[in-house]
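Visitor: Could you have a look at this structure, given as structure tokens, before my questions?
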Amino acid sequence: MPSTYIKGIGFYVPENVVTNKDLERYMDTTDEWIQERTGIQERRYNTKYKETTSTIGAKAAQKALDDAGMKAEEIDFIIFATLSPDYYFPGCGVLVQRHLGINNKEVGALDVRNQCSGFIYALTVGDALIKTGMYKNILLVAAETHSMGLDYSTRGRNVTVIFGDGAGAVVLSATDEPSRGILANALHANGEFAEELAMINPGSHGGVHAADPSVFGYEPSEYGQTFISPKMMKDEMFFPNMNGPLVFKNAVVKFPEVIQEVLSKAGLTKSDIDLLVCHQANLRISQFVQKTMGLKDEQVWNNIQRYGNTTAASIPIALAEAYQAGKVKRGDLICLAAFGSGFTWGASLIRW
Ligand code: UT7
């Protein structure tokens, strides 16, 4: 059975830098609060109406292809992870295929909707497809455009200050070297908390809460259920919402648990880790995980200070940055881990 390794990696973030001070102009927040609670100093926003999730994803994809020394035509399959796609449907996979000019190649394109853990879920699917021998070279893109869908009033400040736009990509390839590549993956979910970090509208629920029908209670339109009702628009019910403290409490438990799980699967221990790259949710969460795992500063890579939380894109952006900084070398043991909306969480262990 072949192994799966990362043959190429790249990232792209928009040029437009938005500082905490910039956000102070729109909502009741402070640079001090944001830095103290999240570690974030600034984030990037797409150039409106010029950059989209698929276009920035394509830029990261091209960098990953260049790093792999490959042409887009050599890709057998595309996986795209995002919670902020260009369109409700179709997904961004087919759009990135078109941007790369390989829409005539008729390769498959799969979209993964697993939010903060989207990259780990997509990586695990890609790994399985390569290990079964179905594909040899898979392009995995993760990108987000949060800036178009945030509540810039004080009501949305706990969510809005955290998120940023960006894209990361990897080329996954088959290798016959058994000790190289992805050694173990673990994926988990607990739908009990689905609405605790969610963008509920628009959706096919038509006003009915999946777990508690009494909760949403919109007026149904005279034509029956609609994705978007006038009441939703009037009351601005289309923004993401988050129970931050609940997410935080679960994240600091699940991150170390799932990291330990992949280490055990591979017969390794935390002292074997050369670099841990966590989903960049909040610097305080990453620091908590580092402390729990007993890792030194040089064994972790954080960049949330500069890019904010880019959801599915945060791990490949951080990994690509660490790689470009010379922190990821052949033979190193790299651990990737994520937790977020769903709740979903997971980890991957890679021998680079
Ligand atoms: O990647 C997806 C996964 N997401 C996460 O992992 C996020 C996990 N959660 C968090 O990172 C934190 O919960 C937040 C950063 C979102 C919030 O920090 P917190 O320390 O948990 O604050 P809180 O929500 O408990 O709010 C504390 C206070 C509240 O005011 P009162 O009620 O004490 O008067 C909030 O209204 O801070 C207020 N607050 C803010 N103040 C200034 C919330 N957001 C802001 C803000 N600026 N942006």
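Just so it is clear, glycine is given a Cβ too, placed from its N, Cα and C backbone atoms.
The model shown is predicted, which means the values in this text are computed figures rather than measured ones.
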Visitor: Need the matching range: TrEMBL marks region 'ACP-binding' on one of 25-29, 110-114, 260-264, 280-284, and I'd like to know which.
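Guide: Range annotated as region 'ACP-binding' by TrEMBL: 280-284.
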Visitor: I'm trying to understand the geometry here, so how far is the Cα atom of H279 (active site) from the Cα atom of C116 (active site), in Å to the nearest whole number?
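Guide: Pair distance, Cα basis, whole Å: 7 Å.
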Visitor: Among the active-site residues H279, N309, point out the residue whose Cβ has the most other Cβ atoms within 10 Å, with all shown protein chains included in the count.
Guide: H279
Visitor: Whole-number Å distance between the CA of N309 (active site) and the CA of C116 (active site)?
Guide: 9
Visitor: DSSP on the region 'ACP-binding' (280-284): how many residues come out helix, how many strand, how many coil?
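Guide: Output for the region 'ACP-binding' (280-284) reads 2 helix, 0 strand, 3 coil.
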